[in-house]
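Notes for the one structure printed next.
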Amino acid sequence: MNIADLEKSLSSDYLKNEMVGLMARLYPICRSITGKGFRESLNIIDDYVSLSVVEVPTGTDVYDWKVPKEWNIKDAYVKNSKGKRVIDFQKSNLHVVGYSVPIHKTVSLSELKQHLITLPEHPDWIPYRTSYYKEHWGFCMSYNEMMQLEEDDYEVHIDSELKEGHLTYGECYLKGQTSKEILLSCHACHPSLCNDNVSGMVLVALLGKYLRSINNYYSIRIIIIPATIGAITWLAMNEGCVTKIKHGLVVSCVGDPGKTTYKRSRIGNAEIDRAVEHVLKHSGDEYHIMNFSPYGYDERQFCSPGFNLPVGSLQRTPYGRYPEYHTSADNCDFVRPEYLYDSFKKYLSVINVLENNRTYLNTNPKCEPQLGKRGLYDSVGGQSDKIIDQMAILWVLNYSDGTHTLLDIAEKSGMEFCLVSDAANALIKNRLIVASEETR
Amino acid sequence: MNIADLEKSLSSDYLKNEMVGLMARLYPICRSITGKGFRESLNIIDDYVSLSVVEVPTGTDVYDWKVPKEWNIKDAYVKNSKGKRVIDFQKSNLHVVGYSVPIHKTVSLSELKQHLITLPEHPDWIPYRTSYYKEHWGFCMSYNEMMQLEEDDYEVHIDSELKEGHLTYGECYLKGQTSKEILLSCHACHPSLCNDNVSGMVLVALLGKYLRSINNYYSIRIIIIPATIGAITWLAMNEGCVTKIKHGLVVSCVGDPGKTTYKRSRIGNAEIDRAVEHVLKHSGDEYHIMNFSPYGYDERQFCSPGFNLPVGSLQRTPYGRYPEYHTSADNCDFVRPEYLYDSFKKYLSVINVLENNRTYLNTNPKCEPQLGKRGLYDSVGGQSDKIIDQMAILWVLNYSDGTHTLLDIAEKSGMEFCLVSDAANALIKNRLIVASEETR
Amino acid sequence: MNIADLEKSLSSDYLKNEMVGLMARLYPICRSITGKGFRESLNIIDDYVSLSVVEVPTGTDVYDWKVPKEWNIKDAYVKNSKGKRVIDFQKSNLHVVGYSVPIHKTVSLSELKQHLITLPEHPDWIPYRTSYYKEHWGFCMSYNEMMQLEEDDYEVHIDSELKEGHLTYGECYLKGQTSKEILLSCHACHPSLCNDNVSGMVLVALLGKYLRSINNYYSIRIIIIPATIGAITWLAMNEGCVTKIKHGLVVSCVGDPGKTTYKRSRIGNAEIDRAVEHVLKHSGDEYHIMNFSPYGYDERQFCSPGFNLPVGSLQRTPYGRYPEYHTSADNCDFVRPEYLYDSFKKYLSVINVLENNRTYLNTNPKCEPQLGKRGLYDSVGGQSDKIIDQMAILWVLNYSDGTHTLLDIAEKSGMEFCLVSDAANALIKNRLIVASEETR
């Protein structure tokens, strides 16, 4: 089976249900850049795609950084003097500032407020905050609830642990015909935030599940890592192998209703950039293209100047551009299965272009070959899809000169890649073109 | 005499009359890709420009193709039971599908209709069809006449011959100072279709007639060939010489009222492409530029990847984009002498640019030379054409650095080529520039 | 002190007063391409910036030209028969055609009129004319005054001298850390024309005065020369040294109310071109960019093909595009100190960009360095200028790969150069980037 066949065989309803199911399992978990929540998430994803789990000890040097202590949390609350939990970690894991150190004491309202973070512009939402590299404790809550707190003595309790341990990441390798790789990188270090982290995990888990059965040219490597420190750690552990990465995408924010956005790799016109842009241009949907900037998610590390990998970022509304971003409103209502499914299909189409994008040589480069005697010339005409096919045949013949890939030809002709690829297949069968020396 | 002088000396009325006269002689002939009609057409053109006629035997291998059998036709008709010719080849040679095999039998209306081709969207026009590579017979007629056919027994007669013979083409070579060539290629394989084939023949015949007397740098080769198979045959016969072709144009559809269209060579920015676009930009007329596509006329063969010759296509309304295309409405009323004449002048202007487009070296490259002491500085000023001349002088001086051709300078300055070329001539006389080593 | 400090320390009121003062001293002098007026002007400028004065003898060969005779004038008038001066050089030095030969005779009105030049489209303005290379005499006057002249005998007297002497120019060299130069070239050969020549002199005099105290990387060379023949003479005298000129600007027409205009060097994308365009883009003011053309002021010589120096022209309304150009209306009312001051600041900003535009190497090119542990990561956020700083830090880190200058990074990021340069300085202090091998 190839990807085009896979695309045809997929049941959108079944797949959307799978997506919703996995999302519902992953959403409630309290993840951070280290700790049990991260491991639990990998464990769930392993039901869909087989993962190797790597544990890197606290203190390991990774380039300019060190792997931090491992953080775990059991419970946290703020109780008023009547014993009522006015802030309760059990209700939302966003209530605790990530990496808060353990605390148990009684404080006045004014002291408490020094440790409270709210979002006055969205007074019903709980913000999401962390303090990975500075020891600190704090709570996040909605502005409206904060305003209702009265003068009182408050019992503050964070039952967390910050100590030597490990940073964990998961990796899935789908072996293809060659060791050349397509990298899909997804961060999984946020607690109950659905578009920003859960949607990416769902997408890569199901891409992995379905691509497993495909006989790909490229090997596919999926990594599920904590953002920033995880990408840095992964690169430090795998520095020798990154030249195998021929194309890559950072997967995040793929389930919101916004239009699809592609942020180019630092290279800017790498094959992955051109493939994604081709797919989006022919998708019929609105989309947005951004140049690389050294701000965002883990493309920052993959595209740092010492690596400069051909890794872009295919998302919907990008990092920080939707109001729900990093708040309790980024929940399972904000992410819709139809958008997740649409993103899934676009990823598949991109991989399909990469898989089939080759350079061919016309075996009769002087003048056109006689198509009629090979049944490739539609002598009747009239059916518009047939006519397009024939145009694709002429384009592939004319530009199969060893310097144009099929994607080049698709772009030059204005045709969709699959039409050009179908024409190429017909010409290969008739020995009118042959694959040129391995150039990809 | 040079081309600029020729342009000035031409009488537009005389030339238009010549064009109309030649068009009237060529239009009625029943041409096809082989046969007597093609030879008769070459014979007429030979009155204007001396042609070598080449006969290539049926069965000759030409790349992936074989020269087909020769087709000739004397008469054809469909008679009803009362003996009336309801379709009559003598009235229009479009009535017979080109390359129809001989037939003589009586058929019912329904059987007849299986061999009739009409054009319901233009019910009074006869369509033009051929069946070169699949043995077949058929008639074309107007939809309205077809609708008047009643149930009857019809005598069908096509008095044609399809047998071993030759493919014929004509060639005219105007020797220039060098063996470098400008190729003008014109197909002449259509019967009574005026814009699509007759207009091109008229244009190249008269270009040949008038350019004969010019002392050109380039040799000019005019070929009059059947479309597709003729271009393929010509290339197969002349493969060793095509490197002499420095610039070329496929000539067709040059007499209709549409705006001038230039389809670029596959190279896209060859000198011929830039010269034509310059002429059109300064023509004051609307025009349209198209990128190369592997569909159209014989540029398909000249620009196949094994040749990739700098051959564009300078036409008016292109191939297939006017409703009269390949119908009886493409007649001598559709082609007007003013448009043919306009196309003629544009071809001349393009050849003039190519002839004069050279690279020069400023002999005083450090600072400007003193123009005043050589009478090249207009100390009075005031007359705007003089001022423009002086600007052209400054542009040519500044950019005659061995890397800019006069066409480059015209494009950079926004001036018309002839102004720049005149300035260059004044500077050559004053030894302020000299032609750089042969670079064209 | 560096240029950024200088910019902060400047008092705009003080500087505008200085500008007005110098302008008032220079405006009344009758300058020409040679002679005492030119020397007197250099003498005044020497009060602001130390000038070397060079005298080149009449007849000296300078490329295709010869240094002309020196011209001086004491007085000139036209008197009517009643002894009244109807034209009086003492009232305006524009009244005499520059380089007029001495004359003293009585002429009729009609003979006089053959030597009068007026400007009917601006009937109250006196035009400015010269006749350097053709011996001639003439007067310029307003059209309205000319119309009032009656039939009479007129005493014509021009008390001038045209004889062997010198062409004079002035030069100021501000030594920097290296012998690489920024050239500022200003013509000073016009009599009482304020925007077209006085404004440029004022600007370079004050730039020279204030830049004297700066420890620049580049040496700065200011030349004050007669237009055309002066540039040609200077280049002829200094041909061996022009390779030191890394960037240059022709300074003229810098005090009118029009928007700032930059005319690119012939190279078109030289560092000077990019630096000026960057400064204008971020100035918040309207501006206009022109490509090089071989017409205008002394960029014609610096950008002649034998030199092709990176010299642009930063002006306000360019050469010949304002009605006051080369008339008595180009006076001290037309040039305003606020525009002169604005031009001054733009020149300073351009020099600042050139001074600081270097290429750096990220010392931690693999992944991002940990900014937090160096105090470069704003963990609090909120203040928008801080956030921009941090973005600039990320941009500089990511693109300090040895192939991007800070100006490249500013352009890529859309940030103003000074933000990028500040970020680079912070990173240098932290040894996160180092200057790459000398590439400028």
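Every residue gets a Cβ built from N, Cα and C, even glycine.
Worth saying up front: this structure is predicted, and the values here are computed from it rather than measured.
Among the features that TrEMBL reports, domain 'DUF4910' is placed at C:22-357.
The domain 'DUF2172' annotation in TrEMBL covers C:70-161. With DSSP classes pooled into helix, strand and coil, the tally for the domain 'DUF2172' (C:70-161) is 13 helix, 37 strand, 42 coil.
What TrEMBL lists as Zn(2+) binding site is C:His190, C:Asp196, C:His326. Annotation for C:Asp196 (Zn(2+) binding site): same-chain Cβ neighbours under 8 Å, separated by at least 6 residues, are C:His190, C:Ser252, C:Cys253, C:Tyr319, C:Tyr325, C:His326, C:Asp330.
Under the heading domain 'UCP01524 winged helix-turn-helix', TrEMBL lists C:358-434.
The Cβ of C:His326 has fewer other Cβ atoms within 10 Å than any other of the binding-site residues C:His190, C:His326.
When DSSP labels each residue, the domain 'UCP01524 winged helix-turn-helix' (C:358-434) comes out as 40 helix, 11 strand, 26 coil, counted as helix, strand and coil in that order. Across the domain 'DUF4910' (C:22-357), the prediction's mean pLDDT works out to 97. Other than the site residues C:His190, C:Asp196, C:His326, same-chain residues with C-beta atoms no more than 8 angstroms from the centre of those residues' C-beta atoms, the Zn(2+) site, are C:Tyr128, C:Leu193, C:Asn195, C:Asn197, C:Tyr325, C:Asp330.
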